[in-house]
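Per TrEMBL, the feature domain 'Major facilitator superfamily (MFS) profile' maps to 11-454. Per TrEMBL, the feature transmembrane segment maps to 7-24, 58-80, 92-112, 118-139, 151-170, 182-203, 334-353, 365-388, 400-424, 430-450.
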């Protein structure tokens, strides 16, 4: 069907230059680590006549790595205003400017003999990822029909995983991971940006944005007709008009206004808990351990990069699988199952690491744990977390909610990246205890406090949270003040 094709192509056009870039740019920096550090040392030697000390090289490298989450945090902060002022689609298109600047900087860094250009390039790459991680799920969830909303919004996680795998593949020394070609590897992120700039203008803006934010019913109907074809639009349009009436006279909220609004307490708490847990659950740290564990399992050093591709492929397979089942299984079971399984594998992984030198088959158990942990993360937390802010907030609060989510995500990524080496140093084999605590606490929160949003309209979800937020004031038999006193005097 034509409308199905249009929706699928819209998803692909948004994803390739959106969250794909987040995964791709996280993984392409790993392969040329030693080459870039050598380049920093040589550049410093040519400038000053003295080589850098090893701790200074590490310091400069840590600045280069941390520029990415810093840029991501900046991107998350500007994503909200961009989504409100420019619209969802135009924001994604304009966002490619940051990647093009980054590609030019990193591509010419060796010619210009400037490692500072690489640092600046990573910052701009981070800004691009920060914007797309917030706006892409919003754009897709607002454009999708209700029955497919979860699956469509979850494609953001699938594109992240696809970017991660392709980054690992392109970073192999046979392709662009060699000593001579690393500037081209860092600049290769311009290709997805150019694809999006060519493809996305042909597809419609978010119908909800056009109707509720812009008040343009005609453009909204036109966008819906492109996305849905000849199917009956009356029910969906009626739902949107009801949502428009519910927020009539309101303006787009700022992040601090969400914290002050009592009617948004549970929504805000839910996204703060889940966005923080996504980075604090230790999934990214598994990649840190992967090479060491694979080496201990007897895999030759030159074959390890190929096995590491398997870890990224695990995340891709599960995110695609999760895509297929989210609108049948629901959001809560996937989140709950993912965090419970991760807690189990964290315990097994720590036991396996502690017994690595005593028991001959323990390295293989550690290796299985890495794959199992990443698979469990992909089941739910990786994708569902990005879908929820769209579902639990109304149109006026949604951009601010994504600003909060994105800021937490990038801040915690920076925090884990900075703190994890010290955690390993102090806790050794039991370094996963903090992550275990996060997984258990998040599973308990999801189990007890998070309502299911599957198959419900945005208004129905808002009503359900409203009941939770004001439950204390409407409890049967509670004291109602002077009215009761008045009635007893009769």
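Sequential numbering from 1, following the chain as shown.
Each Cβ is built from the backbone N, Cα and C atoms, and glycine gets one as well.
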Same-chain residues near the transmembrane segment (182-203), Cβ under 8 Å, at least 6 residues beyond its ends: 6, 9-10, 12-14, 16-18, 20-21, 24-25, 28-29, 31-32, 35-36, 89, 92-93, 96, 99-100, 102-104, 106-111, 118, 121, 125, 128, 163, 170-171, 176, 226
Cβ contacts the transmembrane segment (334-353)/the transmembrane segment (430-450), at least three under 8 Å, sequence gap 6 or more: yes
Contact call for the transmembrane segment (151-170) against the transmembrane segment (400-424), three or more Cβ pairs under 8 Å: no
Close approaches to the transmembrane segment (365-388) from elsewhere in its chain (Cβ under 8 angstroms; 6 or more beyond its ends): 133, 137, 141, 149-150, 153-154, 156-158, 160-161, 270-271, 274-275, 277-278, 281-283, 286, 289-290, 293-294, 296-297, 310-311, 314-319, 321-323, 326, 331, 333-339, 341-342, 345-346, 348-349, 352-353, 356, 405, 453
PLDDT averaged over the residues of the domain 'Major facilitator superfamily (MFS) profile' (11-454): 87
